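These features come from TrEMBL:
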- 186-260: domain 'Ig-like' (DOMAIN)
- 274-413: domain 'Ig-like' (DOMAIN)
- 467-560: domain 'Ig-like' (DOMAIN)
- 569-668: domain 'Fibronectin type-III' (DOMAIN)
- 669-762: domain 'Fibronectin type-III' (DOMAIN)
- 766-854: domain 'Ig-like' (DOMAIN)
- 857-952: domain 'Fibronectin type-III' (DOMAIN)
- 970-1058: domain 'Ig-like' (DOMAIN)
């Protein structure tokens, strides 16, 4: 039996008070755990909660009952969508004596928390539940506790009988506890807590405080002494003794005891397994009736226990094995055999760390008709066969004639073979004519056809009979239109008469249809003309004409054939709006309805990350706008649509764009005006309380004039800040402002000011906020920098005035910088004249505020020299002698470590002195007081820096060396060489230079600087200088000079360049020998485009040495490697003959 009633407060009842159920509820509970028997129910109102609350059940102080659920303990939860109330139940089955104790129920949701305590007492075999502790009822004049505490144990039952005590055992337990509390431990100052709880895999530290810090303790686990290992660590710190258990496992769930001498203290350690989370969620499924369903999820730990629920009811293995539960490592599968419509619903899998839900839809199988029965026209004694074929071979059916069931007999045969159903009628009689219908069992549709009996009459006719078309036997509609479903076969058996036998012509429009074996063909037999369409298509629709002719005349008939089909797919659906768990989708009808009116539409949706489409409606939906519900917020979906007519369902439309069901945020809170001026206003607000699954994109600020309803955006776009300055407003306007938060779902409800705001600056009295450090005299030394910042307030911007001793400050004396909120007084380098009182005045019209700052500039004591243990000091007399003569000075010293001042000289008359007998290795500071007849000066003159007395003989003076001068004037190590080149081919001039530091190089042509000329390119690499002349012309000839300059001097080198015109010349053959000769060094690679060679046949047959770009070539006759070169070649035999290099002819 379960009984529920309301409780008050966040905690359980006290031991001495009765619960007051008349008080209003507080906290999260709408109903707290109640029971007369052994089932406890707690209800939580979730209307104001943003997410599902978390409920935990505890026994004692720490034991979480979620990990103890099983045979004797079950936890359940349900949710009512209408009332938005969660119901949580804890059921204890077959309670035992050890189930008694204190229990606690806690509920939490984000920053909200509520709890309730209750007790369970088990008496014999009947457990009961109580809110308050059991108290013994006794005579008010007799103290039963006192009698029991002083009586021997053998008298307890007698005393209980005399005073009517029924719960003697409970009282004795309390008495024993009271006696234990009276006894104080001599060995322990602080004992172990009654119980500890730790998560599996973590560590825990048990601590006790002993009276004697030198005593040794023993630790026991379940009565066995614990030896120190890597997992069990003993520590002793003063009076504290610690036992640390690392990497706790389920084996560590035990009773622990600490023993000191003959005393001990015990505790219970509960090891809690970490929550099992769901790694892979369940997926929605849609199956056909009779199919097998497998709902699969994956959890974080192998072998974990999970609980399956359907619509909030726990699933168990029943006798019919309807549900099967399969475990495979981390995978858990719920198997449903032979799914039925009753299995539709929401299935949920739960662990102690999470849950996952999916929806299962079971759809009736659609029976497809592969071949329908057709109308028949037969003669007497002929055989009539009605035949149809359906998709399911297990489906049975019944045949009807004019609504009456057809029974098989000697002449009527009914067969069912596989998917084919046949009704055969032998020796047809006139009474067999009628409407025949086949009805599949279990399906709400039928197949109908008509049997027409053709009666043959024998009459005397003339020799010639005009042709006649008999359409009375045709299965036509009232509109004389024959309708055929696309893909089906249409066969028209038209009876005709005429003598002699007429000829038949079938036409569609102007096209004549002839006999043949095509898809649309005609056939003529005696007394019949047959028109057949195999697999009718949409283009087969139209008016067909049949003409019969013979010598006696002709007859004509028109047959209107209409081909109907399933409609085309609808247009791509569009998502109009989205909500928290819903969306509104709209679409356009299909372009072609299949020849039959659209009955409605079927919609499907799926998650983006899934591959299964879920049908949203099973009955056709007549409109083109649909609101889909029961979606998960924050998950992306797609939608698609099918069109349905009387023929069937179309192909699906293209999927819509993906969308995420999200709800707009709640309105921003705390909108207020922070500041107002003549042309602007500053607004502030706070983030909305409810953001939702979508990110907050920003805020939109709008305003409208009073008396109008036109809201004007304050800025283009959105702002991500929670404050804004709206500018360029008209002074005097009365405006209303509102702020809306935007996310993917659109704008939220607006947050509006309580009343319109007038755009006019509000006068604020001027006020100076003088810093605390400036409320006393500010002392600075001569030469220091003064930077005084003083904030103030006032609107409009106040006028700020500084003065010193009643006179305005001049910019040459001190700098002043003012802003709207503060003023700065700045003196870069102070002097004695800057001492005095500075007055600050902040004024708005006739209202002002003033403040004063005292600045005192003091001169520093100067250290003249330091030697050995002596220091020479010097100072200047004070500028203000106090209107009486200075009679002397008082010189003091102080060690910087202690800063204790000792007098060195008293009544010293001069302004310089030498302080001696200082201690080596110490650091000192000094100060001087001036003395007149009144006494010492108020402030001393103190040294700015300290003095350190060096230890003698330890100062290292490094030897001085004269720095070597590595500088060197520029010098060309290889000069420029005169060159003669051919116009149109690139030419280069090269030389090398050295110098330290690196010299600056400048190139000249005919003493003109060519550094910035585009025709020339200057290169420098490790001292090698190259001037490249791009495609020179005769004009580029002349004297080229290279000049190198650095701080140590300069050097110049020059050469002549001759540029010759191009003209045809014979191509000599030459053999090149590498320049091994020591007098002809090579500085860079060979450039074969420029060389000097013989210009005549005689010279080409002679051996001559030629210099090309500092390379030597040997000109030979007709032997050697030949290279054809175009140009004018000359040679100077006298120039190189003396350095001619011997050569060797080669093949």
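Along the chain as shown, residues are numbered 1 onward.
Heads up, the Cβ atoms here are built off N, Cα and C, so glycines get one too.
Using DSSP to sort the residues of the domain 'Fibronectin type-III' (857-952) gives these counts of helix, strand and coil: 0 helix, 49 strand, 47 coil. With DSSP states grouped into helix (H, G, I), strand (E, B) and coil, the domain 'Fibronectin type-III' (569-668) comes out at 0 helix, 37 strand, 63 coil. Pairs of Cβ atoms less than 8 Å apart link the domain 'Ig-like' (274-413) most often to 569-668, out of 186-260, 569-668, 766-854, 970-1058. Across the domain 'Ig-like' (766-854), mean pLDDT in this model comes to 89.
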